[in-house]
């Protein structure tokens, strides 16, 4: 059979030769990262690359979460990209295309590690039973290859895993930490328990440093692991593990406090602030509400798609099947129970997103793999027509490929596309740019890589019913009157900002401004750490000169087209496609575009 020959070739010449296998896998994720042309969520730029750029070059815009009076975010993850930008700066690399893609190539490496970790974890979980999916031949269809294939062909992994989110790195760290922890639980696989425990503790600690919310998951996992040590070994062994944990946690806390102190200029605990905001506060009031069952129904169905029947079978196999061949399940049950408890806790927050599940997604893939094992062994036999199996596999892959292509290449591609068009314009580095669009749905200085004035209408959370500037744009009864109040005919170097704040970031190449992120790089001294400290962003009028270029989203083009013409702006080129369907504060619009207008 052709399928048999293919898998035989793959296993013999690729999978068993690790250097070729790893090379092909990393190459796939590199291609994956280069194929992504769309924007998923603003955080992939504004919580990583833009922060890193601000650290290295001393100018840029930091979103409200990074305001020193709020301090919701830890600086550790952006520091990874700051190191990359620092190297670029030292060796004087200025090729913008290279600068744009290097962070995603960096993330592609961790995505390939996630693939490998998922396969190795699945193999370790099941290999003591020497499970082979098909009987003909018994050496080909291993569980690790099934898990690897599921991970690679999953649309959400293709769409999201190479993006510069903290969750993508957390995903990689979680699966590898769990792999080493499982090695220590199964000592017959590796007698060096102490080393495996150490690696598990180190990687999980880094995961918590990168994204503080993972502390809940790892607290649950290591609590169960501590019980395992007490029951299997002794209290002495438990105390030794506790000592190692204490030392690593202490070092992690010192790193966390010192780096955040360096960035914010004072003692802050972003972990505490983050939990207060997301669990005790009401983030959904600003970011949007989701139903309580979002993570239990909408997320798994949307992210797994054609895998969902096998995922359900996998859950059945884990929770209800009494087959003695499945005795490896208890270790995995503990992991799924911990994930369930985390998801229940996350469900109390009104703000929910698909990507918040990403750190635990490899374990959903493992569950799906177990479901495929169950399905094949119970419903397929040696005499089963393999052409039907190939058809089923083809249907599964097609249902993954369609959304992977659509969301990676088409949906919300305008943000990155318009920046690349701007970079190709003549004399752009002596120009100024202003965006009239949704907030943050495009990269900023991390793509432009030059200190030119750029601006947009800020969308920080409105405090005490004070509208942010982006809300003025969306809900103003007369947009052109609002724009007239902001833009005044004057030259940049001659404009007087005594009565207003500039709507632009006007770069000042001074390292003393590294902690500021508001327009005009003004340092605001605020004593009390609470939401009302953001009022300074809205209570003072914004005004400034007209820019060289306006970037206008099609949501506003009909309202301001005449205003642009009256102020001597002409459209450059054709509209830049953004999306077939776009969600806006006023609802959904179809076939959205970005328009570039230049001052005559």
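Using the three backbone atoms N, Cα and C, a Cβ is placed for every residue, glycine included.
The feature transmembrane segment is assigned by TrEMBL to 20-40 (among others). Residues 13-14, 101, 104-105, 107-109, 111-112, 115-116, 152, 158-163, 355, 407-413, 415-417, 441-442 of the same chain lie 6+ residues outside the transmembrane segment (20-40) yet bring a C-beta within less than 8 angstroms of a C-beta in it.
Residues 33-34, 47-49, 51-53, 55-57, 164, 166, 169, 209-211, 255-256, 259, 420, 423, 443, 446-449 of the same chain lie 6 or more positions beyond the ends of the transmembrane segment (76-102) yet place their CB under 8 Å from a CB of it. The transmembrane segment feature in TrEMBL is assigned to 76-102 (among others).
As annotated by TrEMBL, transmembrane segment applies to 108-127 (among others).
Panel annotation: around the transmembrane segment (139-159), residues 4, 7-8, 10-11, 15, 28, 32, 36, 40, 111, 114-116, 118-123, 125-127, 131-133, 302-305, 307, 354, 358, 361-362, 365-366, 368-369, 372-373, 396-397, 400-404, 407-408 of the same chain, lying at least six beyond its termini, place a Cβ under 8 Å from a Cβ of the stretch. Residues annotated as transmembrane segment in TrEMBL: 139-159 (among others).
The feature transmembrane segment is assigned by TrEMBL to 165-186 (among others). Remote same-chain partners of the transmembrane segment (165-186), defined as residues 6 or more beyond its termini with a Cβ less than 8 Å from a stretch Cβ, comprise 41, 43-44, 47-48, 77, 80, 107, 110-111, 113-114, 117-118, 120-121, 124-125, 128, 193, 196-197, 199-200, 203-204, 206-207, 210-211, 214, 217-218, 221, 225, 228, 331, 335, 355-356, 358-363.
Sequence annotations record features per position, and here TrEMBL assigns transmembrane segment to 198-226 (among others).
Long-range neighbours of the transmembrane segment (238-263) within the same chain, counting only residues 6 or more positions beyond its ends whose Cβ lies under 8 Å from a Cβ of the stretch, are 55, 71, 74-76, 79, 197-198, 201-202, 205-206, 208-209, 222, 225-226, 229-230, 269-271, 515. Sequence annotations record features per position, and here TrEMBL assigns transmembrane segment to 238-263 (among others).
Look at TrEMBL and you will find 301-320 (among others) tagged as transmembrane segment.
The transmembrane segment feature in TrEMBL is assigned to 332-350 (among others).
What TrEMBL records for 356-376 (among others) is transmembrane segment. Proximity of distant same-chain residues to the transmembrane segment (356-376), defined by a Cβ-Cβ separation under 8 Å and at least 6 residues beyond the stretch ends, is recorded for 114, 117-118, 121-122, 125-126, 131, 133-134, 143, 146-147, 150-151, 154, 156-157, 160-161, 165, 167-168, 170-171, 174-175, 178, 207, 211, 214, 217, 295, 299-300, 303-304, 307, 309-318, 321, 332, 335-336, 339, 342-343, 346.
As annotated by TrEMBL, transmembrane segment applies to 388-408 (among others).
Within the same chain, residues 74, 76-77, 166-167, 169-170, 173-174, 176-178, 180-181, 184-185, 238, 241-242, 244-245, 248-249, 251-252, 255-256, 270-271, 274-275, 278, 334-335, 337-339, 341-342, 345, 359-360 sit at least 6 positions outside the transmembrane segment (198-226) and bring their C-beta atoms closer than 8 Å to a C-beta of that stretch. Residues 150, 154-156, 326, 329, 332-333, 336, 354, 357, 361, 364-375, 395-397, 399-400, 403 of the same chain lie 6 or more positions beyond the ends of the transmembrane segment (301-320) yet place their CB under 8 Å from a CB of it.
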